[in-house]
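A.B. asks: Pulled these features from TrEMBL for this protein:
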{"type": "TRANSMEM", "residues": "23-48", "note": "transmembrane segment"}
{"type": "TRANSMEM", "residues": "122-142", "note": "transmembrane segment"}
{"type": "TRANSMEM", "residues": "180-197", "note": "transmembrane segment"}
{"type": "TRANSMEM", "residues": "209-227", "note": "transmembrane segment"}
{"type": "TRANSMEM", "residues": "233-248", "note": "transmembrane segment"}
{"type": "TRANSMEM", "residues": "268-294", "note": "transmembrane segment"}
{"type": "TRANSMEM", "residues": "306-328", "note": "transmembrane segment"}
{"type": "TRANSMEM", "residues": "468-486", "note": "transmembrane segment"}
{"type": "TRANSMEM", "residues": "498-515", "note": "transmembrane segment"}
{"type": "TRANSMEM", "residues": "527-550", "note": "transmembrane segment"}
{"type": "TRANSMEM", "residues": "556-577", "note": "transmembrane segment"}
{"type": "TRANSMEM", "residues": "589-613", "note": "transmembrane segment"}
Amino acid sequence: MSTDTVVGRRLDRKRLTRVRESVVAVLFGDRVGLALFLGCACLFALFWRTTILITDTYTLANGLYSLSNGNVFLTEAVYGPSLDTPGTEYYRGNPIARNYGAIVLSLPFWALLEGLGAVVDLRIGIVALWSLGLLAFVVTLGRHLDSETVVAGGSVLVLAVFGLNVALARPLDSASTHLYALQLFHLTVAAFAPVLLYRLVRRMHTSRVGTLTAVAFTLGTPLALWATVPKRHVLTATVVVAVAYCLYRSRMPTDGVLMRRPATFRALAYALVGLYAWVHAPEALLLAVVLALVDVPTAPENSPRTLLLVAVAFGLSLVPFFVTNALVAGSPIRPPRLLAVAGSGGGSGSTGTAAAGSGSGATSTGILTVLAPLFTAIEPVVEPLLLLGGELLVGAQAIVSQPSELYHALVRSGYTAGTVDLSNEEAVNLSLLESAPVLLALAGVVASLRGRRRRPSIPSRILSGPRVVDIFAILLLLGVTLQYASRLPIHAQITVRYLFPLYPLGIYLLIRLPVLRATLAENYRLFAWTVAGSIAVGGQLVVVVVALTTNGLGEAFQFHALLSLAVAIPLGVWAVAGSSDGWSGRVGAVLLGVTTALPALFGLLTAVEYYALGDTHALPMVRALGELLPLL
């Protein structure tokens, strides 16, 4: 072999290494981010059931089936009893789906599954993909820890788990690849949410704090439970965290691989909002308004060049939204979900004869005639804003007039009419706090405010990156609550899924509290062992209690609800005390660990037993565990 050949191969290897490192840096930030993504994806697959949980999914699956056959309208009820399922709208007699953004972006996953099914049994193919992901996680983690023992031991364990899954495998319906593609797409997007939160907090504080934040978000909220359900909720959470990350980067000096200017991250934040409108326009509108309200007044500069860049990025990101609406709804600005209310109002104007008499009337009519083109031009922008403002106002009125409804949605669910599942009269809809008890640590804001009172400061228009994101998170949290306050509580939510953005926002605001951050940073090992022990040992105790003392699904859910509140209350008291020193910090780490583990336990039992959905788990070993664990 010539010297030139050897040198050429070394250069190719170095070039390949640089490309790989650049891809990791852009998508995941660093090796820890890559490990988080792989670990989350493998974890979420444990919750994957290859059937329908929410009936709206029938419409999405039929929409993907039609689109894969070249039709934007629904053509055949391959999934569900008919095309007339929740989420279906009609335009000129043609049935259409919603969330076309999710449908279109699921097409590559459908093509992947179709190709996989052509060369191997689909069940074995999915198991193989999951095992490869788990192996990649083990290798990445081992290299990060610089431990060959982790790599070798983990690889052997992965091989054993793969063999177990193959031995337990049953045939998988290869005709349902459209449903599987939707689930796999949502799983992939959901796995990026903890990664983005890690990257945001790592840049604000440290890599360790960022990792602990990602763990708290992944295990301490219902993220894993909803990751494989084709609903918009995990997509919303990921977009919200991504926008917060871009907003922060737009206020800091750039050191990225691709983006050299902070203004580029600013434009990317708006572009993400525009793309999300392709999935759910009303929530995207709220997100855009909050982003603009926070970004523009606090920006270091608002030069015409920068604003033009932002406007162009936002406009281009809306192109898929406009094109899809024009194809399926006949109007580029009217998404499919608004067709149901399109004909509910009256005409846009009235006709009649002009009044005779004073000249002031004629003058007014003349002014209106001159300004008519302007009104027509701004109507597409003003009308959605008026609708959003009305929705927020109705939400505020609902909070004032019926505060108990919001209490049941946020704090204690119980056996109220709004939280009872209408299909079986079971109280299976937990509140926000019951679903994520770790969020009660936000009570630590009291201690933080006490400290700030002793250190007064002069406010400035040019805020730091963290402060800008803090304001964005608080305003969006309030906005989402107001947007849905008039409809809460709703049945068939399980974990207040309509308020799903509150979970990542709450975790972020939690870690921004100095007491919480110091406690986790100083007692991270105790926190980690508490989480692991609560799941491994506490999980067995929970299973025994549920099996022996509960009668039915509603009682099981309410047991989890009361258990979460019982642990959350001491956590809230500790957070208000505001001390992270000595034994107080260790107590706080234990309470944070237990409250982080409880939602993970609830999610696992929900996927494996409570809502096993006919033991349709994608991974055979999870199905086998469910068959061995008949609790109810």
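Quick reminder: no glycine exception, Cβ is built from N, Cα and C everywhere.
Tell me about the surroundings of these features in the structure.
C.D. replies: Sequence-distant contacts of the transmembrane segment (23-48) (same chain, six or more residues past either end, CB-CB distance under 8 Å): 130, 133-134, 136-137, 140-141, 143-144, 183, 187-188, 190-192, 194-195, 198-199, 202, 207, 210-211, 214, 218, 224-225, 227-228, 256-258, 603-604, 607, 617-619, 622.
Sequence-distant neighbours of the transmembrane segment (122-142) (same chain, 6+ residues past either end, Cβ-Cβ under 8 Å): 31, 34-35, 38-39, 41-42, 45, 113, 116, 148-151, 154-155, 157-158, 161-162, 165-166, 169-172, 174, 177, 180, 618-620.
Taking Cβ pairs closer than 8 Å, the transmembrane segment (209-227) reaches residues 32, 36, 40, 43-44, 46-47, 186-187, 190-191, 193-195, 197-203, 233-234, 237, 435-436, 438, 494-495, 497, 500, 503-504, 507-508, 510-511, 517, 520-521, 524, 527-528, 531, 592, 595-597, 599-600, 602-603, 606-607 in its own chain, all 6 or more past its ends.
Cβ atoms under 8 Å from those of the transmembrane segment (233-248) belong to residues 102, 186, 189-190, 192-193, 196-197, 199-200, 203-204, 223, 226-227, 265-266, 268-269, 272-273, 275-276, 279-280, 283, 287, 291, 294-295, 465-466, 468-469, 472-473, 476, 497-498, 500-501, 503-505, 508 of the same chain, restricted to positions at least 6 beyond its ends.
The list of residues near the transmembrane segment (268-294) in space but at least 6 beyond its ends in sequence, with Cβ under 8 angstroms from a Cβ of it, reads 99-102, 104, 232, 235-236, 239-240, 242-243, 246-247, 250, 259, 310, 313-318, 320-321, 324, 335, 337-338, 384-385, 387-388, 391, 468, 471-472, 475-476, 479-480, 483.
Packing against the transmembrane segment (306-328) from elsewhere in the chain are residues 72-73, 91, 96, 100-101, 104, 263-264, 266-268, 270-275, 277-278, 281, 288, 299, 334-336: each is 6 or more residues past its ends and has a CB under 8 Å from a CB in it.
Among residues of the same chain six or more beyond the transmembrane segment (498-515), those with a C-beta under 8 A of the stretch's C-beta atoms are 193, 197, 200-201, 204-205, 209, 212-213, 216-217, 220-223, 226, 233-234, 236-237, 240-241, 244, 409, 432, 436, 438-439, 441-442, 444-445, 447-448, 451, 466, 469-470, 473-474, 476-477, 480-481, 484, 487-488, 490, 575, 578-580, 588.
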A.B. asks: Report yes or no: does the transmembrane segment (589-613) come within contact of the transmembrane segment (468-486), defined as 3 or more CB pairs under 8 Å with a sequence separation of 6 or more?
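C.D. replies: Between the transmembrane segment (589-613) and the transmembrane segment (468-486), contact is absent.
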